[in-house]
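To start, the structure itself, in C-alpha cells.
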C-alpha cells in the first residue's frame, strides 16, 4: 500500500495550498498594483499635467522629508547608544525589566496618542512651561514645527534603537568581558575595543530602519508640522487630495514618495537589517569586575534621563485623559459610534490579515520549489514598499472615476490595514507553522490525516496562540491607523483616531485628551493580550 505523500499538510490538499497562497499574493498585488496603475493613468491622461507639478514646491517638500528623517534618525541612535550601554552595564539595576517593557510602548501606542503625550510635556501649556512659571522664569516652548517633529520621532525611535543595540550587546562573547576585566580596561578602552565594533556593524541597518520610519511618519508631521514649512511628502499628498483636490500634484508627490521609499529599502537590503534575536528583558550579567563609582553614577543618570524622556509623555496621556470629562465623553453617541466603528473595522482587518498570512505560510511550507517558496515568504513584506497614504491616494483617484470614493471607505480601510499588518502576522505565524509541520507531516501522511481534520485535530492546537498574537497585534495596528481613514473618513465613517483628529482640529483639547486615553487603553490592552500569548507560548514550549 502506497503511503500518502508527505506534502499533505493542513488547511487543504497539497494542490490547494499553493493556490490559496497565490490568491493571498494576488490580493496584495491588486492592492498595490491598482494604486500604481491609477497613479500612472492619472499622470498620463485625463488632461492632468503631472510633470508640471515636479516644481520647486515638490523638491522643497522632498528635501524637508529627507532632512527631518536624517536629523531624527541620527539623534535617536546617538541618544540610544549611551542608554543601551548603561542598561547593559547595570544588569541588576532596580526596575531594569520595567524600563525595557516601557521602551516597547512608544511603537505600540497610536501615533496620535503619543503626539498628545508629547504636547502635554513640551507644549505651551505643558509640564515644562508650568515648571518654568513656578521657578519664576516663564517660557512658552513652541512644539509645532521641526522641533516638535524631532522630539516626537526621538520618543518613538530611541527606545527601538536601545532594544536593537541591547540585542547587539548580547552577541558579545563572555571571553571578551573576562579578558577586559583581567587587563583592567577602563570604560573608554572597553567601548573602543569591545563595544564599538559590535555597535558599528549594527549602525547602518539600524539608522536605515529608523530613517524609513521617519520618512513614512504621516500622523506625527500632520499634527506637529505647524504649517507649509514643515510638510513631508505624505502630508502633502493628503493635503493635495483632501483640501485642494489636485490629483496631478498628488500623483507627482506619490511617485516621489514611492521612489524615496524604494531607495531606502534598497539601501537597507544592502546594509542588512538589525535583529532583536538574543534580546532579553531579564538581567544578564555578562560583565566581570565592578564598575567604578563615577561610571556607575553616569550610568544611573543616563538610565534615569532615558526613562523620563519616554515615561513623561505616556504619563502625560494618562493625566490629561483623566482630567477630561470622561463621563460626558462616554455619554456622547458619536464617541460610542466611533469606538464601535473602530472595533468593527479593526476586527475585520485583523481577521483578513491572519487568514491571508496563514495562506502564505501554508503555501510556503507545502511548496518544494525554493524560488516559489521564497516568493511566498517575502511577498507580504513587499507591501511595506508602499506606505498606506500612497495606496490610499491611488485608490482614491481610481475610485472617483467609477463611484463615490467615500462609499468604498470601509472596504479600503479594512483591506489596506490588513495588508499593512500581514508582514508582522507572517513573522509571528511562520515559526509555529513550520515547527508543527516538521513534527507531524510524516505521521499524518502515514495515518492519512489531511484537510480540515488535520487542521482541527493536529495543527490548530500548535498555531492557536500565534494566531491569537497575530490577531491582537493586527487589530491594535488597525485601531490606531490614521493614514487611510484620513483620506476616506467622512461624517458617515468616523473612527476613534479620525474623531480625535477632528477634536484636535477644533481646539477641543480636553475632549482630545480623553479620546486619546480611550484609544491608548484599547490598543495597549490588545498588545498586552498578544504579549501574554507570546509568554504563555514560550512557557509551554519550555515545558
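Glycine is treated like the rest: Cβ placed from N, Cα and C.
Lifted from Swiss-Prot, the feature list:
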DOMAIN    62-266  domain 'ABC transmembrane type-1 1'
DOMAIN    339-530  domain 'ABC transmembrane type-1 2'
TRANSMEM  19-39  transmembrane segment
TRANSMEM  64-84  transmembrane segment
TRANSMEM  102-122  transmembrane segment
TRANSMEM  142-162  transmembrane segment
TRANSMEM  205-225  transmembrane segment
TRANSMEM  250-270  transmembrane segment
TRANSMEM  300-320  transmembrane segment
TRANSMEM  343-363  transmembrane segment
TRANSMEM  379-399  transmembrane segment
TRANSMEM  406-426  transmembrane segment
TRANSMEM  468-488  transmembrane segment
TRANSMEM  510-530  transmembrane segment
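Within the same chain, residues 27-28, 31-32, 345-346, 348-350, 352-354, 356-357, 360-361, 377, 380-381, 383-384, 388, 391-392, 395, 399, 470, 473-474, 477-478, 481, 483-485, 488-490, 492-493, 495 sit at least 6 positions outside the transmembrane segment (406-426) and bring their C-beta atoms closer than 8 Å to a C-beta of that stretch. The largest share of C-beta pairs under 8 angstroms with the transmembrane segment (205-225) comes from 142-162, of the ranges 19-39, 102-122, 142-162. The stretch from 19-39, 102-122, 250-270 with the most CB pairs below 8 A to the transmembrane segment (300-320) is 102-122.
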